[in-house]
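The structure appears below as structure tokens.
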């Protein structure tokens with residue numbers, strides 16, 4: 001009996017935490033509809049759809065969002081390719097430098113973002129590299145690389161080696177085996193890694209703040225305008241990104257449930 | 001010929017990532033180490049003097065913020081642990097067919113930018129915001145009541161932003177606990193408490209370790225929460241490092257400070273990792 005009560009309390013508790021975690025999202029969505037008159041967008045002043053109509057009214061904000069999307073797409077593609085290859089090597093082969101590779105992957109995940117950003121800036125300063133889209137993209141590939149490697153490696157380790165053996169027995173070459181057997185089998189992990197890389201890239205503030213020069217990304221633009229007041233367009237963009245992200249995740253979940 | 005190519009395969013696969021890690025991770029950390037041992041300034045140039053004076057200066061000048069960050073990070077991690085464990089436990093053992101729904105809800109905040117989430121807390125907690133505004137005008141709170149720009153706001157923000165990273169690894173560890181092991185404990189007349197303390201808790205410890213690892217480091221080094229939710233008295237080491245690098249251009253001091261922070265954090269981590277084996281920590285962290 002006491003057990004039942006405990007379970008019920010834990011159930012309520014879990015929902016309370018979820019409510020707490022999602023409260024700021026509700027606030028973000030709500031204030032995208034705020035008919036604010038003054039500079040600050042912190043008190044509710046009435047409902048309006050105006051900001052959805054004027055979504056791209058602020059050129060610099062739109063530019064920052066476009067930068068973020070560009071960087072995210074390019075760095076995701078690069079990270080996914082490079083990371084998948086290392087994930088394959090680590091999951092499949094024994095080779096010299098495997099231990100060092102695992103250590104590097106682990107070190108890159110556990111290095112504070114701040115230190116990663118600062119050290120990259122040290123490199124770019126000593127190399128006189130102009131900071132901008134290129135340096136931001138380089139940094140984004142670096143911090144998401146390990147996550148793709150770990151995701152793909154886990155899948156490769158779990159793969160049944162007899163599948164590839166069968167392909168080879170049937171006369172398939174190395175490349176054909178990879179293309180027709182290995183790649184489709186690890187594809188879910190590659191896709192998951194790519195999604196993770198994209199999410200990490202589009203969300204990053206700390207590392208980017210060191211290597212951006214004068215180029216602004218979406219998070220940097222937002223932080224920069226905290227003191228003067230966040231325009232409601234930011235909330236609207238946040239709401240739309242949230243909506244698209246959730247739609248993709250739910251769609252993906254439904255699709256994978258159908259497949260199995 | 002075939003044999004040679006097969007032997008080269010892992011090296012060819014690993015090469016691009018090695019190059020990337022070498023140029024943009026190993027070399028920069030080394031560059032930072034060397035900059036931290038220079039003296040000079042941006043105008044006259046920096047000389048490699050191998051003097052540790054930057055470290056003395058960095059720690060002497062900013063130990064308040066460094067210690068404050070460790071305390072904020074430590075308290076936030078403890079609160080996260082206390083908050084996360086019961087939730088992870090319930091989802092793992094009682095979530096049933098709705099487990100993935102609960103996990104999805106737990107991850108929902110990640111569909112909103114980190115910066116934007118923190119700013120939304122700023123909205124919620126604002127002195128005249130939707131929470132305190134009405135309470136104040138109803139006379140339920142004194143007019144000068146505020147949460148923003150206090151320790152509570154910053155630590156609360158850290159807990160909020162990193163909590164899912166604590167719940168997930170603990171959930172993964174608990175989910176792997178074989179229910180038959182717990183039943184065996186009951187069959188041997190263990191009370192619920194004893195079964196939890198002697199069986200479930202020890203089996204979940206790798207998850208707890210991973211969770212602490214994944215939350216303490218980013219929370220301690222985080223500059224965003226202190227900047228958005230804190231006041232002048234809540235500055236954390238992350239804010240100092242940003243200012244030293246980006247505003248003051250005092251690269252030697254900033255590098256020394258970054259290194260000190262990393263040393264403090266990494267020593268702790270690798271002691272953790274050693275006791276578990278890096279692969280285990282990574283595995284727990286990856287799921």
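From the backbone N, Cα and C atoms, a Cβ is placed for every residue, glycine too.
From the options A:12-33, A:34-55, the stretch TrEMBL describes as transmembrane segment is A:12-33.
Same-chain neighbours of the transmembrane segment (A:132-156): 67, 70-72, 74-76, 78-80, 82-84, 86-88, 90-92, 105-106, 108-109, 113, 116-117, 120, 124, 185-186, 188-190, 192-194, 196-197, 200-201, 204, 207-208, 210-215, 217, counting only residues six or more beyond its ends whose CB sits under 8 Å from a CB of the stretch. Contact counts against the transmembrane segment (A:12-33), taken as Cβ pairs under 8 Å, peak for A:236-255 among the stretches A:69-91, A:103-126, A:177-199, A:236-255. Sequence-distant neighbours of the transmembrane segment (A:236-255) (same chain, 6+ residues past either end, Cβ-Cβ under 8 Å): 25, 28-29, 32, 51-52, 55, 61, 65, 195, 199, 202, 218.
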